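Pulled from TrEMBL, these are the features on record:
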- CYS211-CYS232: disulfide bond (DISULFID)
- CYS310-CYS331: disulfide bond (DISULFID)
- 46-163: domain 'Ig-like' (DOMAIN)
- 165-260: domain 'Link' (DOMAIN)
- 266-355: domain 'Link' (DOMAIN)
- 1-15: signal peptide (SIGNAL)
Amino acid sequence: LLLLLEATLLRLARGSHHPFYNGFYYNNIMNDKDSGEEKVDYFNGARLVVETSRDPIYSSNGANVTLPCHYHYEPDLEAKHKIRIKWSKLRDDYTKEQDVLVAIGKTYMAFGDFQGRAHLLLAGQRVASLVISDVHLQDDGKYRCEVIDGLEDGNDVVDLQLQGIVFPYQPLHGQYRLNFHEAERTCQEQGAMLATFNQLFQAWSEGLDWCNAGWLADGTVQYPIRQPRKPCGGVHLAPGIRSYGPRHRHLHRFDAFCFSSTLRGEVFYLDRPAGMTLEEAKQSCQDAGAEIARVGHLYSAWKFLGLDRCDAGWLADGSVRYPIVKPRANCGPAEPGVRSFGFPSKGKFGVFCYKER
């Protein structure tokens, strides 16, 4: 036993000169030193401070956005070697962060869906800001900016929020038919994504009141109530977001809360005197150089483009709906909203088409 302990200590002592890589590894692709060799510089004692925006950064689908990040030293000094920068995206369910970009000097590498869309803002010294072009729905969320100087590192988090709308969704076969993975796929099929809690809370603060529970992106099941009532948690509970907490992602079934942002195109209405079947409606949109609109398209057009039409039309999922901005007689309830006729198996209607710009 004594010999084994001595051998272990000797092995640790021999390995003590190896550098520390702050939790992630940079290979030769990220090495832009002229000699082709990585040189480790140990920090000289000053504190590295990283700062991002305290307020959320707002953007929209298809836009370009800059996430600010700056760093400095306390006390002030000049960096004597190349700074390493890492951007990552925090996940809603608090699992491992998603790598976005790493950089050393002017050399950088973006990862996954951010390839070709993410780069550093070259705007002077001590700037580590991230530029994301052609923003996607999935880009919404919190991002960590980490700056590494030898053995010293600092980080801060900035929140990117997309302007959008949350809508509850039930599939063709009725209430509470979706497990988590089916809910994810269903929202994507409607030109949307599963909403986050922050997005649902924002929708609730803007007036969303819905008594059916639905999946959120973090795997929890919740629903927003503005007017307390007996079937929705009881009349004695205050207004708010009711939560079932995390549910089993395969076994449990609920509805979905989907999130859609601003459109990259336009939604328009087509009709015939005798109306159209669903298949005829799809063909009419194709003949017009468009596609039949999805539910997310219609909600976004209603929310952001002021689409107001008191004529029911087919959508891609087989539902029939129409958007009302200015409530009036014979156009449904007294509040603005997207009205639904459900999923009629018979009947002929107009159609809402979507065409990208």
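Cβ coordinates are placed from backbone N, Cα and C, and glycine is handled just like the others.
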Seminar exercise, completed: Cβ-Cβ distance under 8 Å, sequence separation of 6 or more, same chain as CYS310 (disulfide bond); the residues meeting this, in order, are TYR322, ILE324, ARG328, ASN330, CYS331
Seminar exercise, completed: The most crowded of the disulfide-bonded residues CYS232, CYS331, judged by neighbouring Cβ atoms within 10 Å of its own Cβ, is CYS232
Problem set entry | Tally of DSSP helical, extended and coil residues in the domain 'Link' (165-260) | 22 helix, 30 strand, 44 coil
Problem set entry | Intrachain C-beta neighbours of CYS211 (disulfide bond), sequence separation six or more, cut-off 8 angstroms | TYR223, ILE225, ARG229, PRO231, CYS232
